[in-house]
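Student: Following this message is one structure expressed as structure tokens.
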Amino acid sequence: MSCISNGLFLLSGNLHGGSVVASYPYDDSPTHKPTGVYSKSADDEVFRYLAKAYASHHPIMRTGRPNCPGEERETFQDGITNGAQWYDVEGGMQDYNYVWANCFEITLELSCCKYPPTSELQQEWENNRDSLLAFIEQVHIGVKGFVRDAVTGAGLENATIVVAGIAHNITAGRFGDYHRLLVPGTYNVTAVVMGYTPVTRENIEVKEGAATEVDFSLQPTVILSSFNVTQFTATSAPASTITPTPAQAEVSSTTSLHQPIQPMDFRHHHFSDMEIFLRRYANEYPRITHLYSVGKSVELRELYVMEISDNPGVHEAGEPEFKYIGNMHGNEVVGRELLLNLIEYLCKNFGTDPEVTDLVQSTRIHIMPSMNPDGYEKSQEGDRGGTVGRNNSNNYDLNRNFPDQFVHVTDPLQPETLAVMTWLKTHPFVLSANLHGGSLVVNYPFDDDEQGVAIYSKSPDDAVFQQLALSYSKENTKMYQGSPCKDMYPTEYFPHGITNGAQWYNVPGGMQDWNYLHTNCFEVTIELGCVKYPKAEELPRYWEQNRRSLLQFMKQVHRGVWGFVLDAMDGRGILNATISVADINHPVTTYKDGDYWRLLVPGTYKITASARGYDPVTKTVEVGSRGGVQVNFTLSRTDIKVEEGKVPVLNTPDTSDPSEKEFETLIKDLSAENGLERLLLSSSGNVAPYRYRFYKDLSEFLRGLYLNYPHITNLTSLGQSVEFRQIWSLEISNKPNQSEPEEPKIRFVAGIHGNAPVGTELLLSLAEFLCMNYKKNAAVTKLIDRTRIVIVPSLNPDGHEIAQERDCTSKIGQTNARGKDLDTDFTSKPETKAIMENLILNKDFSLSVALDGGSLLVTYPYDNPSLTENKETLKHLASVYANNHPLMHLGQPGCPNKSDENIPGGVIRGSEWHSHVGSMKDFSVMFGHCPEITVYTSCCYFPSAGQLPGLWAEHRKSLLSMLVEVQKGVHGFVQDKSGKAISKAIIVLNEGLRVFTKEGGYFHVLLAPGLHTISAVAEGYQQKHVKVFVHHDAPSSVFIVFDTENRIFGLPRELVVTVAGASMSALVLTACIIWCVCSIKSNRHKDGFHRLRQHHDDYEDEIRMMSTGSKKSLLSHEFQDETDTEEETLYSSKH
């Protein structure tokens, strides 16, 4: 009903079965006589026209004789009928569409049989195909156009369209657009809007086919005297008409020739009003604005941010990012209104005011007017120093809710806090201010100290923070005087209007300190006035006092040093390189293009750029008082000079294949900021799960994917559970079930614990998303074409069948039907044997992702505390998943009974979290040579189905990031000098991890970004050593050519061959002599021969046992199967 009522639909068909006829409104009559009463609607002629359009193209319906069993005498003229005349139906959907929306709907009975056999579906399609298309075409008939304001030209939403002689009106859409279905004829049509003079267009001719276009222009009945034509013209000017240089901006700002347009909208904006304001400016200034939300409040209000930039929605390499946050305390409202004023000021003056234009062109500005919209709605105008509305709806102070360096904050992280923390982690903010009220001062870090008392708590960048604070206070005369609230706090004094936070009063859990300690962002807190919620008439004065301060503070983002850290070999930017300033213990890191910004006061500094796998570089830099200094660093890779001439350093080679270059570019784009967001925005179809699928439903869903997408899917059973349910495996690839050893292969597994089914639903949604977007979305298509994706959605279907929804901590269903935890005894159960023997031990996967439940983090191998190997790469893979999740990377799962749990970066080694032996991930690494991470999807094992759409929204980017990450690492090819590919060669990485080349000599291994050593070993060939640099955003390739080994057992090959030949000749001669002697005595040993044959069967049994045990002998004692129950022996014999 809500879908119908939104007014988006114009025409509809409701498909039924049980007869063959098109039925139209009304479906019932005032008398509700069971049958025979023609209940005519105002648009009866239109409905008959629509019904005939369908019936006339249907070979049975158009005859009017359905000839249904039991109703052989029933007839319908032209194959159509009035609903109530056929039989009375109260509460029908078609009548609701017509009466309560703009939509015309008819009901189509398609076949006598309601559920016909599958064999008849083809014929039903043939019967209805032309009718369906003909009916869709009717959506274009009638009259359509726009209703606009005659003065402004703006569309008039909800204008009423009246057709003379037809007692049924429709309304215009959001942009004043309307469409009224009418049969061919001549009509008088009127447009009516409250506050405007109605307009009637007479003798409008409607013809067959496309609608007649008729626009209406309505005059307002009252024109507001405050309407400023000059102002309207100015704001509508193209954004590109003026692009002054910084020099021009400086000259212009010192003259009074240009007067910027000041805000006109001074009032208190409640949430709905603020929302409309933000949407309005995003709509009117699309070239420089981008409105987005970083999350929701407790009461589900959006936490809106308005981005203002000359290239909105995109981080431009080298351009700093700035943010303002207001209304963190709901009853401190001045910041909220000033930021709305600032949005208006920047938008209206871009392109005309040099100062604003330069600022917007050189800075990516983010403005969050309200971090606590729930609290604002509870606060009251006139509040001077109260607390009503200060906290959020859970009654927590958001500025005491951030993780603190000195104090353990016990309050649970609030939705608003988590949303902002995630936001700050995903943008390279350089400078920020948090706007408050209750005093008039700029407060800078630190906000608290170890003793918890009011004392100066100095940060390493104390001088920078003082400069930043002064840049704001100097432009606000009253603030700079330092005695702001004499009537309220007569003894309070702040020299020059600034103060160290802890020296004023101690604030543990503050946002500004968290910014400084956990991101690259420098933030101060600005108290804007003594009254927290002043009267609306005072707002213009606040704008005038703070306008210059707001602009000057933003300009500080360009102070200090900035630049790029680049790779000396290929010129690429280096992500997460560290920028350190001598004697200041606060490094910052580079962003994805290698760009960085480091705020500094004027002076001379020694600045060092360093990165893993590179030699650090130090430069001496002079920072002046005007603008920033660009300082670029070019780093050389470690050990290149030392190894030069001995070990070649290989990178991704240039290739003449355009498709390879194109794919490499795609991976780089998807690895960039917002790359995956852009993929998701460009994708089609809503595949968010809304219910849990138990075994039968899951099986049907997988079968449906296979039948609908047969060219890219292959559905197989790996085996059966204890209770004989299939362990399904769905492969998605452009060539399913065909060997392509050169392609990386990724495995997704869920449901190892049956009581944690969220992972199962996420993988089913991922599978449908990939299938639905193949050949529709270019990025998804290329990923599927270049990857073999295997999805095992439910490894423990027996456990899932008995688990209970909303059981967040229950262990019911965790184990298999025999009560065994599959993740602690991996090799000995039917379910795990199925995946082990058919997938893992094939040793052809590059990455595996297992989904579980019970927390919000990622663990990486090993779960066994005695195992340690390849930690850096395994942790890197886990971090990729966590960093693409909006909350996981914050390291605060916030699970009940573990609210104080802190997991840095959201990733942890399995043995450090829940140590155990016999896990799937450890087995995958040790015997499948495949790194596996375990994702814990939510604190609740089995959350309500209503949470599934939100969980999909949180995890889908992370799941897709795994498809991108599996393309990276090192792709290699091994052959000898003759060009013969070498399969089963041993590839040793960093003198530890081992993988083997596949068919065709290919190998692929994922490694953390940086420099790595690769050794290749194959029997009969000289060992090869190479170094390869792995990028964070692109695959690297190595091409290894073996030389034939010239020494055997340390001796020259020629000598060994000569000696071996002579030895062989001697052995042959000796064998001949022995044969002759034995032949003479052969008759004497017949009895012995017969005795030997008696034991032949026992001997064969021993050989067979040794053979069948060979695979098990590969396993460590931890994974050996020591069970010998009859059932398990029987199962093993079947597979």
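Backbone N, Cα and C atoms are what each Cβ position is placed from, and that goes for glycine too.
Straight out of TrEMBL:
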type	residues	note
ACT_SITE	Glu109	active site, proton donor/acceptor
ACT_SITE	Glu527	active site, proton donor/acceptor
COMPBIAS	375-384	compositional bias 'Basic and acidic residues'
DOMAIN	1-139	domain 'Peptidase M14'
DOMAIN	267-557	domain 'Peptidase M14'
DOMAIN	691-966	domain 'Peptidase M14'
REGION	370-395	region 'Disordered'
REGION	1113-1135	region 'Disordered'
TRANSMEM	1055-1078	transmembrane segment
Student: Tally of helix, strand and coil residues over the compositional bias 'Basic and acidic residues' (375-384) according to DSSP?
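Tutor: Tallying H, G and I as helix, E and B as strand, the rest coil: 4 helix, 0 strand, 6 coil.
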Student: State the Cα to Cα distance, in Å, between Glu527 (active site, proton donor/acceptor) and Glu109 (active site, proton donor/acceptor), rounded to an integer.
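Tutor: Cα-Cα, rounded: 68 Å.
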Student: Can you check which residue among the active-site residues Glu109, Glu527 has the largest number of Cβ atoms within 10 Å of its own?
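Tutor: Most Cβ neighbours within 10 Å: Glu527.
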Student: Could you tell me how many residues in the domain 'Peptidase M14' (1-139) are helical, how many are strand and how many are coil under DSSP?
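Tutor: For the domain 'Peptidase M14' (1-139), the helix, strand and coil counts are 56 helix, 21 strand, 62 coil.
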Student: When the pLDDT values for the domain 'Peptidase M14' (691-966) are averaged, what is the result?
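Tutor: Taking every residue in the domain 'Peptidase M14' (691-966) and averaging pLDDT yields 92.
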